[in-house]
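Features reported for this protein in TrEMBL:
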DOMAIN    41-290  domain 'G-protein coupled receptors family 1 profile'
TRANSMEM  26-48  transmembrane segment
TRANSMEM  60-82  transmembrane segment
TRANSMEM  102-120  transmembrane segment
TRANSMEM  141-168  transmembrane segment
TRANSMEM  204-228  transmembrane segment
TRANSMEM  240-260  transmembrane segment
TRANSMEM  272-292  transmembrane segment
Amino acid sequence: MALANFTPAPEFLLLGLVDGTDTHPLLFLLFLGVFLLNALGNLTMVVVVRSDGALRSPMYYFLGHLSLVDVCFTTVTVPRLLAGLLHPGQAVSFQECFAQMYFFVALGITESYLLAAMSYDRAVAVCRPLHYRVVMTPWRCTALVAASWTVAHLHSLLHTLLISALSYPCPAPVRHFFCDMTVMLSLATSDTAAAETAIFSEGLAVVLTPLLLVSLSYARILVAVLGVRSAGGRRRAFSTCGAHLVVVSLFFDSVLSVYFRPSSAYSARYDRLASVVYAVLTPTLNPFIYSLRNKEVKGALKRGLRWRAVSQEL
């Protein structure tokens with residue numbers, strides 16, 4: 001009787017970035033190039049920050065963690081995206097699907113809180129330069145990073161448990177290139193009211209908190225910069241902050257537009273395009289916007305290349 005009543009876990013079919021059964025080799029090459037660029041830029045930042053003694057300030061400590069998160073973030077989804085461009089209709093098991101969801105949500109939330117920590121660090125550096133070392137102590141930096149990881153994983157665990165407890169058809173076609181929360185809610189055949197309530201309330205608080213911190217930090221920076229008498233100094237500050245704000249805005253705007261709306265407003269085409277922005281584009285831009293434009297990072301890269309050249313000669 002136990003075997004007769006056993007219901008197998010549903011299997012999901014990832015339909016990919018583009019509808020249809022055609023292969024897309026040009027898109028495959030494009031996203032493969034972006035993925036490799038992401039890995040090169042972010043792993044370079046991780047190695048440089050860890051190995052160069054000149055990059056020991058809190059800003060680079062946060063950048064190292066952000067780069068590590070960005071590599072993992074794209075690795076969770078892009079390989080499946082690439083496979084779907086060549087072989088549409090990839091089958092994934094129930095366990096694989098929700099494991100992917102868990103790590104995707106956890107890493108995405110970790111990134112948002114690291115962005116908030118970095119904006120707070122810059123606000124302290126600009127607005128309270130004489131107290132910077134007192135405020136941004138190693139203990140506080142470690143606590144901010146640890147809190148980012150902890151909050152993100154608890155948040156992801158709650159959402160994954162709620163959504164995985166719903167019922168799904170077997171097999172279930174997923175019009176996306178990964179198992180995303182909004183897609184899974186739209187596929188569920190059981191009542192999603194409780195899950196949606198929890199996601200909208202707890203999720204909105206978790207996502208809006210770092211967004212609010214980023215906004216307050218850059219508002220303080222803006223006020224401080226407007227008080228600078230040197231026109232050149234204001235231009236440099238606005239150039240740096242403007243580039244940072246573009247990336248932050250891309251990330252948070254696309255996240256909010258996808259996740260914080262009722263499932264009845266679900267649009268597969270829009271969600272896939274928005275997901276490419278925050279899951280692929282933003283993590284690829286981060287090392288270039290935040291780091292590789294920085295003179296100290298460029299100096300560290302040059303020192304590393306010189307050391308490698310000398311070691312090869314020896």
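In case you wondered, yes, glycine gets a Cβ from its N, Cα and C as well.
Quantities reported herein were computed from a predicted structural model and do not represent experimental measurements.
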Using Cβ atoms and a strict cutoff of less than 8 Å, what residues sit near the transmembrane segment (26-48) while being 6 or more residues removed from its termini? 17-18, 55, 63-64, 67-68, 70-71, 74, 78, 81-82, 85-86, 280-281, 283-284, 286-288, 291-292, 297, 300-301, 304
Distant-in-sequence neighbours of the transmembrane segment (272-292), which means Cβ under 8 A and at least six residues beyond its ends: 17, 31, 34-35, 37-38, 41-42, 44-45, 63, 66-67, 70-71, 73-74, 77-78, 81, 104, 108, 111, 118, 175-178, 180, 243-244, 246-247, 250-251, 254-255, 257-258, 298, 301
So if I exclude everything within five residues of the ends of the transmembrane segment (141-168), which remaining residues of that chain have a CB under 8 angstroms from its CBs? That is, six or more out. 10, 12, 58, 61-62, 65, 94, 98, 101-103, 105-110, 113-114, 117, 120-121, 181, 184-185, 187-190, 192, 194-195, 198-199, 202-203, 206
Can you tell me which parts of the same chain pack against the transmembrane segment (102-120), counting only residues 6+ beyond its ends and a CB-CB cutoff under 8 A? 59, 62-63, 65-66, 69-70, 72-73, 76-77, 141, 144-145, 147-149, 151-153, 155-157, 159-160, 178-181, 206-207, 209-211, 213-214, 217-218, 244, 248, 251-252, 255, 278-279, 283, 290
